[in-house]
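To keep things clear, I will list the structure first and then write my remarks on it.
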Amino acid sequence: MYELGVVYRNIQRADRAAADGLAALGSATVHEAMGRVGLLKPYMRPIYAGKQVSGTAVTVLLQPGDNWMMHVAAEQIQPGDIVVAAVTAECTDGYFGDLLATSFQARGARALIIDAGVRDVKTLQEMDFPVWSKAISSKGTIKATLGSVNIPIVCAGMLVTPGDVIVADDDGVVCVPAARAVEVLAAAQKRESFEGEKRAKLASGVLGLDMYKMREPLEKAGLKYID
């Protein structure tokens, strides 16, 4: 059950080195390394392309059409955090724009992940403040109803607990549980190393058919070549 009207000020953040290190590996590699779990729904898209970030989650539960708690959340941000926001019911209003981004950026936030709408996207890009959202909308919000900050939330279908690691890029958004951050970093680095070896073989002209030993199972499945 959601707690409303609360702010947890002391949260256990994931290991900082692990949280920082996952950015370079990207969402797809991290998702695979975790066993293909942790992925937010694919409608969560960056408002502009080219950013690849990771950081520890400060979570926000919002009410439809009301961004009051985003201002409350700003106070809880520490350098290296990513704000993750969910809404109690579906809403695409523009909860976040350049003024809140200025506040978040001053506190050290690396990004915002919000299962709702944002606006001022041109200015946000000029500010180099990345956002992943499900909508872009000029429609503003009010400030009247309490939500909560730093409670477990479900954002775009994924449970996010305060302090978890968020990895986001052009391919999507992944949540890594804080307790698994170090383990997942090691697994993702190992996977990246293997992919580097495969990439070199493919670049040399080796076919995936041979590298992955696909020919025999394809033949057994009934594939026929016709000249």
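Every residue gets a Cβ built from N, Cα and C, even glycine.
Lifted from Swiss-Prot, the feature list:
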- GLY97, ASP98, LEU99, LEU100, ARG119: substrate binding site (BINDING)
- ASP120: Mg(2+) binding site (BINDING)
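Sequence features, as recorded in Swiss-Prot, placed on the structure.
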residue	record	contacts (Cβ under 8 Å, 6+ apart)
GLY97	substrate binding site	VAL118, ARG119, ASP120, THR123, LEU124
ASP98	substrate binding site	ASP120, THR123, LEU124, MET127
LEU99	substrate binding site	none
LEU100	substrate binding site	ASN67, MET70, HIS71, ALA74
Greatest inter-residue Cα distance in Å for the substrate-binding set GLY97, ASP98, LEU99, LEU100, ARG119: 11
Substrate site shell beyond GLY97, ASP98, LEU99, LEU100, ARG119, criterion: Cβ within 8 Å of Cβ centroid: GLY94, PHE96, ALA101, THR102, VAL118, ASP120, THR123, LEU124
DSSP three-state assignment (helix, strand or coil) for GLY97 (substrate binding site): coil
